[in-house]
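Working notes for the structure below.
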Amino acid sequence: MAKQVFQTTFAGRELIVETGQVAKQANGSVVVRYGESTVLTAAVMSKKMATGDFFPLQVNYEEKMYAAGKFPGGFMKREGRPSTDATLTARLIDRPIRPMFAEGFRNEVQVINTVLSYDENASAPMAAMFGSSLALSISDIPFDGPIAGVQVGYVDGQIIINPSQEQAEQSLLELTVAGTKHAINMVESGAKELSEEIMLEALLKGHEAVKELIAFQEEIVAAVGKEKAEVELLHVDAELQAEIIAAYNSDLQKAVQVEEKLAREAATQAVKDQVTAVYEEKYANHEEFDRIMRDVAEILEQMEHAEVRRLITEDKVRPDGRKVDEIRPLDAVVDFLPRVHGSGLFTRGQTQALSVLTLAPMGETQIIDGLDPEYKKRFMHHYNFPQYSVGETGRYGAPGRREIGHGALGERALAQVLPSLEEFPYAIRLVAEVLESNGSSSQASICAGTLALMTGGVPIKAPVAGIAMGLISDGNNYTVLTDIQGLEDHFGDMDFKVAGTRDGITALQMDIKIQGITAEILTEALAQAKKARFEILDVIEATIPEVRPELAPTAPKIDTIKIDVDKIKIVIGKGGETIDKIIAETGVKIDIDEEGNVSIYSSDQDAINRAKEIIAGLVREAKVDEVYRAKVVRIEKFGAFVNLFDKTDALVHISEMAWTRTNRVEDLVEIGDEVDVKVIKIDEKGRIDASMKALLPRPPKPEHDEKGEKSERPHRPRHHKDHKPKKEFTETPKDSE
């Protein structure tokens, strides 16, 4: 296929798509150029159906450092494991694509996005999402797209599509919305306490922009799209399905309605084990035994799925007996752990999260070196999901994509209420340990994080709570669920997480299994979520009404001073000599930023005070008319040099030592003497002149006698006009210093 180029303008930037030139052996490939960002997307599909009971879709987003003209860090100087941002972007692309494959599709599909050129003002992640959909759409892979996504900002009351870097820094909203031309199917957002009305407006305007991108894709697909391949879908034997439903559906219905999670799981598993045993015996010698038993497992899963959904949509009964808008029992505990800087335990039904706070000097911030300019990350929220939380064994090791994603969601939700660096100059780390899980553990971690921050004395603007909303839809009717549990998440159509304060939303995340949801459903879900959020905040605020006024005794104490930028080198010293000496002498930690903010950390307040005193002395400047207790450090014929403080000396000229005339400096002061001096002049080169006599009382003028004549005074001897006295010279150097 020959190279073809398609071009349009979107959100004020040129959008160019090239096909037929590179990666031609993939099922589908495109090069997307948005502004000066360039992304190559290649989509491939396996020839045969994969084994397993899930759709093996893999989406990668690969950041090549050359795209930004940078060398990779580390010893190897080569790209390694994906960064956190790359992992989150891959998830962002995966989520709207996954629902667009047919039920029962089991062929492995890989979508690889490679960033070849990076323009920070033209979103490479959105170009990659566009490219992923387009590569699948023009390929022969059975994909029911296209989809597209955009970033949405909110600046000065205006909604902006795909904001520039400068606009993004000013924005109160960081929203990504994706969907089909008919509906939204993915949302990811952080926001600075925006109302439900503004969030809904941003979502709908974002979807309007999505439609523009989809229309452009449809134009390209019409020109270069391949005919879709016919692939085998996973189907179960209809007769076998009818037989099992007739015999065991009533047993499974009873098991599904057991309210307690572990008991319900045991009851449903008992029914499944019974059915499996019957058919293993019945078809033990059948040549298609493996296929039949796979069908049996799939039929039982479908029966449970259908019954859970029927109970909710028809009977309005949830598996645990709650109403559709009812939250599970709540419990909040603070100070769960000693020694740590703050801790909170939050429980919602059978979902429980422990959050632990650690405060550290700003030197512990995380350095992020990706395609964007390097920056320091002050706040980290890490989420751990051990298998024991669901009563199972499983893999332990580095966090997976799900844990990274849930940690990032909590981070966005809580970051919006953190104090500024000037208000609270600490690096902040929260770790959420999920101890039990029956759905919505990410939102429990947000609630526990709020407890830990407030307990630890971090002056957050307001408490944050999170809730997960669900959806059961049969196409004609739908039911929105508040606080979904694991079974409702697994068999439902939507997982819509909403976090915020009483004043507004701080984070959103929505994933759906159907091809999209309407504005009506979004509106209802946001309204129910607000009501639930307030109920949870009631519990949090009853447990800890306000942020504690002091940090934990084990937390590092901190003091800050501001110095002139040109004084930074004085505090650091040659090769760090001065600052290292201060640290060694006092035992503190010291951080200095480029703006001259000096942060001093220690568990010992006296050590902080001593270090602060030393630094203040190093950067102290003499001022005219100020008085100092100074020490004589050098004597010259023309005066004495005195040390005002630290490395700052001044000259006291011999004429400024006393009101009476003297010819010898040594007659008045000696090296080591301490004298009071007043600064009388600082020249343009910073040289300081001081005076001792300015602090002494001025002697009275000579008195007159009664006749008005001056009192007698010693007469200077007269010299003969031919006799010239020997002239005395006083050395006055050109530069007194």
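The first residue you see is number 1, and the count goes up from there.
Every residue, even glycine, has its Cβ placed from backbone N, Cα and C.
Look at Asp489 (Mg(2+) binding site): DSSP puts it in a helix. Neighbour count (other Cβ atoms within 10 Å of the Cβ, all protein chains): 17 for Asp489 (Mg(2+) binding site). The Mg(2+) binding site annotation in Swiss-Prot covers Asp489, Asp495.
What Swiss-Prot records for 700-714 (among others) is compositional bias 'Basic and acidic residues'.
The annotation compositional bias 'Basic residues' is assigned in Swiss-Prot to 715-724.
The annotation compositional bias 'Basic and acidic residues' is assigned in Swiss-Prot to 725-737 (among others).
Across the domain 'KH' (556-615), mean pLDDT in this model comes to 92. Here Swiss-Prot flags 556-615 as domain 'KH'.
Feature annotation from Swiss-Prot assigns domain 'S1 motif' to 625-693; the stated evidence is sequence analysis.
Sequence annotations record features per position, and here Swiss-Prot assigns region 'Disordered' to 691-737.
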For Asp495 (Mg(2+) binding site), the number of other Cβ atoms found within 10 Å of its own Cβ: 21
